[in-house]
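Some features that TrEMBL has for this protein:
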type: DOMAIN; residues: 228-327; note: domain 'Ionotropic glutamate receptor L-glutamate and glycine-binding'
type: BINDING; residues: PRO298, ARG305; note: L-glutamate binding site
type: TRANSMEM; residues: 332-354; note: transmembrane segment
type: DOMAIN; residues: 344-566; note: domain 'Ionotropic glutamate receptor C-terminal'
type: TRANSMEM; residues: 374-396; note: transmembrane segment
type: TRANSMEM; residues: 559-580; note: transmembrane segment
Amino acid sequence: MADIVLSLVLQLGWREIIVVTEDGHSTGSSSLVQNLSKHGVQHVLVSGDEALSGQWLHRLVRTGEDSWRPLNIVLLCSLPCIQSAQQHASELELQYGTLSAFAMSSRWLLIPTVGDDLQLIPTRGDNLLDRLHLQNVTMDNVALVDQGIATKVCNSHHHFVLHTLMRTRQGRAWRPVNNVVTDSNSYNCGHCQSSTCSSSDDLGKLLFPNFSRGFHGRHIRVLAKGFTAALLSDTVNGRKTWTGVLADLLHVLSHTVNLTYDIVEPTEDVWGSGTAADADTGFYGHVIRHEVDLGLAPTELLPDRLKLMDFTHPVFYTSIVMVYRKQETRDLNMALVPFSNSVLVAIMGCLVTVTLSSEVPLRSRSGKVLLMSWWMFSLVMAAAYSSTLTAFLSVIKDRQLFSRLEDLVSKQHDYTWGTYGRSGLALTLQTSNVSMYRDLWAGIQRFTIRDPDVLSEDIGTLADKVCREKFVLLFYQLAASSMFPDDCHVTFVDVAMRQSLSSLVLPKGSALTQRVSDVIRALHSAGILSHWTTKWFPRVTRPSPPDPKVISLQHVQGVMLVVPVGVGLALMVLMVELLYDRRKQSGSATCEEENR
């Protein structure tokens, strides 16, 4: 019997196993332990009363919570021992839900000890496959070695049958996989006689198909919290629907690994920090307490969070930006902006020269050519001026008030700044040892005294502050690209901070983590996630030019002042001319009287 265990372990390529047997001091158990060590297979032997108590299963749960890795379990014991182990495993599965490593990430190899009163093949109507009552257990990867009626193994060539426990429409049922023959001359006893099995990898896939092909319709609870275009919710006919990049990802994930799911929402509409100091609050609290199987939201991976939860391969890669409203230029000299000072002086000189040079119409040909050139010059300059002025008035010219984070702290200005409360960025600023980050956080704390909204957890509130106030938002570039209305013209400035990695979050030790990460990697490699990002965040991949706006009276008020200024100058010139004429007339009258 020890030879069967060793041959199958080597054939399956297992390097770490847990062997459960009732008699750990028997000759067969000792031989198995020695041969496993000889072939470099790390093993843990569970024997005696502990094999029936199920305490070793509790230790495995804690092991699975610490780090995800496959658990290869060999039950080499009697029928009551196997039934006890499976019963305890099912109870733990009910207690831990799909978070338990047993259901999806463990592989169970059952090798019942054979006695005279036990028939594996139903020749006498007494089938061990039925007596094990495994049709209702929740384990996904269970295989059975059917040794037949022979008790001496490897003294000669001997056939035995492998069964795997499959999910069917009628429930769980055993299915024979193939016949295996043992070879007495070596430990390579797992040669498949089935035409569908040609290697150890094929044997593993046949025995444990769920381990590599999905979860056979297992039902999970998904916790969703909307956040910008990554995940949007809408209520149609009283039913909430979810759209966005993560909703598309969940749909593909369910078909890829064969899962079904229900979407639930946090009892408190807050995020929580996801750290040990705030482990029971909001969205992250549900995940940390193992109340759900998957957190569907763009959560940022931080070292403090990684101690309490599992994170998948990143879904989004985004940078940190400063966002503030574009400042519109409404100076009185807007009409003079299209031309430089030198051009304006040259035009003014030409205008004065031509206007005041002569009151007599030009009669010579040379004068007419000069006048024609002047008019041509005037037409070109007028066209250039009008088009340039229109562009200046209708399109907001982007002037960067802040080009780096240091400008927020060092420059004298009347702007406040803030970020999304309880976000990974806020936690980074709060706990960082970088002096610039500490200064930014100190400023945020000052501002929250009179305006708590600088750390609001509502996207709409932060967007409204940026559009209506002198407020700088520190945020993720991908999320910020979809949170502002079209009539709010904002400036994005990249800052020298770390790149943000947004992942899905799962309870610590979840067997789903590796599978979900594999799906995300495949979607990245195929360019599908990039396509979804383009679809739901169009402004990021296709930035649109600034929309022209209607020219109002405020924009041309400088030009409008030309009229009253011109009238005023004309009145001054008129008064001077009148005074000059009167003085001239009075002087002429005086001269005439003297001549008389």
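Just so you know, glycine gets a Cβ as well, placed from its N, Cα and C.
Automatic, uncurated: that is what TrEMBL annotation is.
Here the structure is a predicted model, which means the values were calculated and not measured.
A mean pLDDT of 78 is what the model gives for the domain 'Ionotropic glutamate receptor C-terminal' (344-566). Its Cβ taken as reference, ARG305 (L-glutamate binding site) is surrounded by 22 other Cβ atoms within 10 Å in the chains shown. Under DSSP, residues within the domain 'Ionotropic glutamate receptor L-glutamate and glycine-binding' (228-327) fall into helix, strand and coil as 26 helix, 37 strand, 37 coil.
Non-local contacts of PRO298 (L-glutamate binding site) by the CB criterion (under 8 A, 6+ apart in sequence, same chain) comprise PHE227, ALA230, LEU231, LEU246, VAL315, PHE316, ALA479, SER502, SER503.
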